[in-house]
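**Student:** Below is a structure I'd like to ask you about.
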Amino acid sequence: MKLKVRLVLKKPSWTRLLRTSRSTRLPRSFRRRRGRRSKRWSGKGLGLRVVAKRRRRLEKGVRITIFSILHKTLLKSLKIVIMANLLTLFFVVEMIVMSGLSLGASGLNMNYYLFSCPLVELIVKNTVNRALQNDPTLAAGLVRMHFHDCFIEGCDGSVLIDSTKDNTAEKDSPANLSLRGYEVIDDIKEELEKQCPGVVSCADILAMAARDAVFFAGGPVYDIPKGRKDGTRSKIEDTINLPAPIFNASQLIKMFGQHGFSAKEMVALSGAHTLGVARCSSFKQRLTPLDPSLDAQFAKTLSKTCSAGDTAEQPFDSTRNDFDNLYFNALVSNNGVLTSDQTLYTTPQTRNIVNSYAMNQALFFLDFQQAMVKMSTLDAKEGSKGEVRKNCHKIN
């Protein structure tokens, strides 16, 4: 009697695991014979040595596949970790540089007070908003004060200094007697001295207050670099560097050019006259004799205004508290209040700029904010070239 021995090899459990993963491919030798694997594994027609050899080959292929998968996964994870560390390092370096603290570097930058006085922006904005809600006309005062500060010895807060018995300061010049908004700067300084004493300069406060006043009045939103130091000089004779209301376009272009501004930037900055008023004393010379560039009907309006005296006020346009482009529309209609206003339209070199702003308010806003950022850095004092006043009205 012959005994028939049938060898049945069960498929290894690890092959079932491989089938559950779609991303894992079986060795080619196994895949190619997938349709006949049951016969192969049954042992029919095969010797034990052949079966064992194929089994070892299969196990080797699976090990190689698993190692390859693990290798790729490890490399990918390593790349992610390296990139994360590089990004973190870049972020930290950027924050240090931008905050002006790297290697003791001084200079103007947007995040100058990020660590030394982190609430400065919020305090300035809230104080300005409260003041303008009570008196919207202060927006024009803050913008004008910032301009008068920057065009005399740079943006150093010198326009805020009071006169003494030994010195007559800028603020007592005839050109600055009508400046308004000092109390807003004082309120901001008082609050900042409580939060971070001796840190924020009066020059920076004035620059930020003017920026926030523009936005409150409906103008463009923009940021300015900080880090200005306060000046230690304020002389009435320096106000000769301010443009006069009787200047023509050529004189304006020359004066602004001395400070590094183009004719286009000069016209854009003049657009700040969309806020506020002019006093009769600054335009009455246009009425007798009548300025030929002045619209006849508008001349009657100006004459009526001046009948109340030299301090009578005339708005530059029909929306004195709104920041818009109606100032330029007034120039196109020959309704400019000051000689220095209307000359921008009567002069061929600047007429097209006025027309473009009159037709496109967005363009005016864009050019204005860029010019204001540039002006806010004009001859700014940094580091040891200035100080941080404890009181904006007095040198330390």
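Easy rule for this one: first residue shown is 1, then count along the chain.
Cβ atoms here come from the backbone N, Cα and C positions, even for glycine.
TrEMBL does not curate its annotations; it predicts them automatically.
As the structure is a computational prediction, the values presented were derived from the model and not from experiment.
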**Student:** With Asp317, Thr319, Asp324 listed by TrEMBL as binding Ca(2+) 2, identify the candidate in Thr274, Thr288, Thr347, Thr350 belonging to that site.
**Tutor:** Thr274
**Student:** Cα within 10 Å of Asp156 (Ca(2+) 1 binding site): which of the recorded positions Cys150, Cys202, His273, Thr274, Cys280, Asp317 qualify?
**Tutor:** Cys150, Cys202
**Student:** Within 10 Å of each Cβ, count the other Cβ atoms, then let me know which of the binding-site residues Asp149, Asp156, Glu170, Asp317, Asp324 comes out lowest.
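**Tutor:** Among the binding-site residues Asp149, Asp156, Glu170, Asp317, Asp324, the sparsest Cβ neighbourhood within 10 Å belongs to Asp324.
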**Student:** Specify all same-chain residues, apart from the site residues Thr274, Asp317, Thr319, Asp324, whose Cβ lies within 8 angstroms of the center of the Cβ atoms of the Ca(2+) 2 site, ordered by sequence.
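**Tutor:** Output for this site, in sequence order: Leu275, Phe316, Ser318, Arg320, Asp322, Phe323, Asn325, Leu326, Tyr327.
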**Student:** Report, in whole Å, the straight Cα-to-Cα distance of Ser158 (Ca(2+) 1 binding site) from Cys196 (disulfide bond).
**Tutor:** 22
**Student:** I need the CA-to-CA distance for His148 (active site, proton acceptor) versus Cys202 (disulfide bond), whole Å please.
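**Tutor:** Distance (Cα to Cα, whole Å): 14 Å.
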**Student:** Quick check: with Asp149, Gly154, Asp156, Ser158, Glu170 left out, which same-chain residues have Cβ atoms within 8 Å of the centroid of the Ca(2+) 1 site Cβ atoms?
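**Tutor:** Here the nearby residues are Cys150, Ile152, Glu153, Cys155, Gly157, Val159, Ala203, Gly231, Ser234.
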**Student:** Counting across all protein chains shown, how many other Cβ atoms sit within 10 Å of the Cβ of His273 (heme b binding site)?
**Tutor:** 25
